[in-house]
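Novice: Not my notes, these are from Swiss-Prot:
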- Gly11, Ala12, Gly13, Lys14, Gly15, Thr16, Arg128, Thr137, Tyr138, Gln201: ATP binding site (BINDING)
- Thr32, Arg37, Asp58, Leu59, Val60, Gly86, Phe87, Pro88, Arg89, Gln93, Arg162, Arg173: AMP binding site (BINDING)
- Cys131, Cys134, Cys151, Cys154: Zn(2+) binding site (BINDING)
- 31-60: region 'NMP' (REGION)
- 127-165: region 'LID' (REGION)
Amino acid sequence: MINLILLGLPGAGKGTASEQIVDKYHLAHISTGDMFREAMANKTPVGLEAKSYIDKGDLVPDEVTAKLVEERLGQDDVKNGFILDGFPRTTNQAELLDEITTRLNKQLTNVIAIDVKEETLIDRLSARFMCKNCGATYNKFSKKPKVEGTCDRCGGHEFYQREDDKPEVVKNRLEVNEKMNAPLKEYYDKKGLLATVNGEQVPEKVFADIDAILSKD
């Protein structure tokens, strides 16, 4: 069984790699963003608790997010393994996750960091654009829609660039993320769980390297 966390700065290619891993290994793809939306829509107790913070514009405390993760990891589709997306972001969250996975007997098997140089990430992120309708992500260099001007996923025709994908904002965002990412890598390296792949390569090669790590274990 594979229970996996992918680490990497924005633009490193975690989304693409996650899709490829899920397709091959049939893991549950657990995204904290999706979890929040689902729990709030279903009005679960934890969802309502999270909503009370979000509605006030406050950050959701780690303990509340951890409850949400525990609720999600207890669902049936996780029995073949999971890939966690967006959690943990800090060592405090990593410690909470250790407690959860121990309680549920679903310990992590792999933590894979996708490493990419800062200048490459700035180029990638400032070339990124999204479908206004469904949020599918594209890149004007490496991942254009199959039909120009038409979203592959939903057929929409309107696209936009996020404010935080503009070059002047990207550099600052990367620095903030790196400050959070570095201690996490160290945390999992000390536990002997961390492997690193070169994210400068084409997505197929990045996935081949990840696949080699996952197949080995």
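Cβ coordinates are placed from backbone N, Cα and C, and glycine is handled just like the others.
So where do these features actually land, and what's packed around them?
Specialist: Counting only same-chain residues at least 6 apart in sequence, those with a Cβ under 8 Å from the Cβ of Gly15 (ATP binding site) are Thr137.
Phe87 (AMP binding site) carries neither a helix nor a strand DSSP state and counts as coil. Note: Phe87 (AMP binding site) has non-local neighbours Ile30, Thr32, Thr65, Val69, Gln93, Leu97, i.e. same-chain residues 6+ apart with C-beta under 8 A of its own C-beta.
Cys151 (Zn(2+) binding site) falls outside any helix or strand according to DSSP and counts as coil. In sequence order, Cys131, Asn133, Cys134, Ala136, Pro145, His157, Phe159 are the residues of the chain that are 6 or more apart from Cys151 (Zn(2+) binding site) and have a CB within less than 8 Å of its CB.
DSSP labels the residues of the region 'NMP' (31-60) in these numbers: 21 helix, 1 strand, 8 coil.
Each residue in the region 'LID' (127-165) gets a DSSP state, and the totals come to 3 helix, 12 strand, 24 coil.
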Novice: For the binding-site residues Arg89, Arg128, Arg162, which one has the sparsest Cβ surroundings, going by other Cβ atoms within 10 Å?
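Specialist: Counting other Cβ atoms within 10 Å of each of the binding-site residues Arg89, Arg128, Arg162, the minimum falls on Arg162.
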Novice: What average pLDDT is reported by the model for the region 'LID' (127-165)?
Specialist: 92
Novice: Applying a 10 Å Cβ distance cut-off over all chains shown, what neighbour count does Thr32 (AMP binding site) have?
Specialist: 19
Novice: List, by number or range, the same-chain residues at least 6 past the region 'NMP' (31-60) whose CB is under 8 A from its CB atoms?
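Specialist: Apart from its flanks, the region 'NMP' (31-60) reaches 67-69, 71-72, 85-87.
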